[in-house]
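Annotation comment: Swiss-Prot describes 1-21, 25-45, 59-79, 96-116, 127-147, 149-169, 178-198, 200-220, 237-257, 276-296, 325-345 as transmembrane segment.
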Amino acid sequence: MNPLIFSTILATIIMGTVIVMTSSHWLTIWIGFEMNMLAIIPMLMKQHNPRSTEAATKYFLTQATASMLLMLAVIINLTHTGQWTITKSFNPLASIIMTIALTMKLGLSPFHFWVPEVAQGIPLSSCLILLTWQKLAPLSILYMISPTINLNLLLSMSLISIAIGGWGGLNQTQLRKIMAYSSIAHMGWMTAVLAYNPTMTMLNLLVYITMTTTMFMLLIKSASTTTLSLAIMWNKIPLVTTLTLTIMLSLGGLPPLTGFLPKWMIIQELTKNNNIILPTLMAIMALLSLYFYMRLTYATTLTMFPTTNDLKIKWQFEPKKHMNLLSPLIVTSTLTLPLAPTMLLLD
């Protein structure tokens with residue numbers, strides 16, 4: 001892609017998200033969503049093949065539907081309250097439709113079907129943007145309207161998302177689909193605590209973005225897109241493979257890695273609000289995600305027959321300048337659990 005075009009598209013994506021996050025007028029928020037959606041479609045189609053075109057089309061149709069639902073909710077709320085701005089008074093029907101629209105944009109169940117399909121059809125770099133940056137705008141609006149959200153609807157969708165995120169990844173061999181299902185599960189954890197403690201949702205989002213960015217940078221570095229390529233990579237660059245699998249375990253929430261921190265704090269927060277059944281079910285469902293990450297790690301490291309370096313490899317490992325941030329990201333993604341007592345004190 002031409003550098004000028006790429007820079008323009010990237011600036012528009014960033015601008016659209018910033019407009020959504022800083023606006024209090026619903027029309028401006030809708031414009032920001034549309035700018036963001038239209039700008040990212042060329043990023044999804046960088047490879048110019050039928051699969052990426054199909055992925056971009058699915059993304060466009062889903063996001064356009066969500067935007068229409070969002071405007072429908074805004075119009076219903078306008079007829080009842082006469083307000084174009086985000087206020088604490090929100091019509092119940094409009095609140096339900098707004099929640100559905102925003103969760104569709106996020107990829108929560110039962111509106112999650114587009115996430116794995118789109119992620120599988122696009123390059124790793126575009127998939128990174130889709131699963132990290134594109135979550136900021138919808139989550140920021142959910143954060144703003146959290147006092148008016150229908151709690152039962154949001155908690156139900158959160159629990160189903162955690163379950164689907166675990167079940168969906170069980171039989172996957174494609175790493176992009178595994179990351180997509182991981183994203184669905186993490187979004188479920190974030191939205192579960194949103195109505196109780198929105199700040200904790202933002203902390204979870206920060207940890208998720210850090211871990212996912214690290215994971216994708218390692219996959220981009222090694223050009224790995226399948227579990228088989230990870231197994232082959234073990235023979236060529238074992239250090240990078242070890243780090244990749246460690247980040248996977250952190251994404252699954254295995255103590256004492258960083259990924260356990262937000263899950264621990266969310267379960268504690270929900271329990272503090274006399275909600276016992278939900279965090280229990282969430283913890284059980286989280287074991288599904290942890291299981292397929294551990295199975296992948298086991299299959300890659302302990303069941304591969306030892307081979308020599310004469311094996312025909314698809315790539316040659318070449319360090320790149322833009323990977324300078326990888327070391328601090330890896331440390332942050334795996335070793336920040338000791339900061340938990342400080343965070344609990346601040347809370």
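Every residue gets a Cβ built from N, Cα and C, even glycine.
Remote same-chain residues near the transmembrane segment (149-169) are listed as 92, 95-96, 99, 103, 108-110, 112, 116, 142, 177-178, 181-189, 191-192, 194-195, 278, 281-282, 285-289, 291-292 (criterion: CB distance under 8 Å, separation of at least six residues from the stretch ends). Contact between the transmembrane segment (276-296) and the transmembrane segment (178-198) is supported by 3 or more Cβ pairs under 8 Å, counting only residues 6 or more apart in sequence. Counted over residue pairs 6 or more apart, the CB atoms of the transmembrane segment (127-147) and the transmembrane segment (237-257) come under 8 Å in fewer than three pairs, which marks the two as apart. Residues 26-27, 30, 33-34, 37, 40-41, 44, 90-91, 93-95, 97-98, 100-102, 104-105, 111, 114, 118, 130 of the same chain, all 6+ positions outside the transmembrane segment (59-79), place their C-beta atoms under 8 angstroms from a C-beta of that stretch. For the transmembrane segment (237-257), the list of distant contacts is 182, 186, 211-212, 214-215, 218-219, 221-222, 224, 230, 263, 286, 289-290, 292-294, 296-297, 300-301, 317, 330, 333-335, 337: same-chain residues at least six beyond its ends, Cβ to Cβ under 8 Å.
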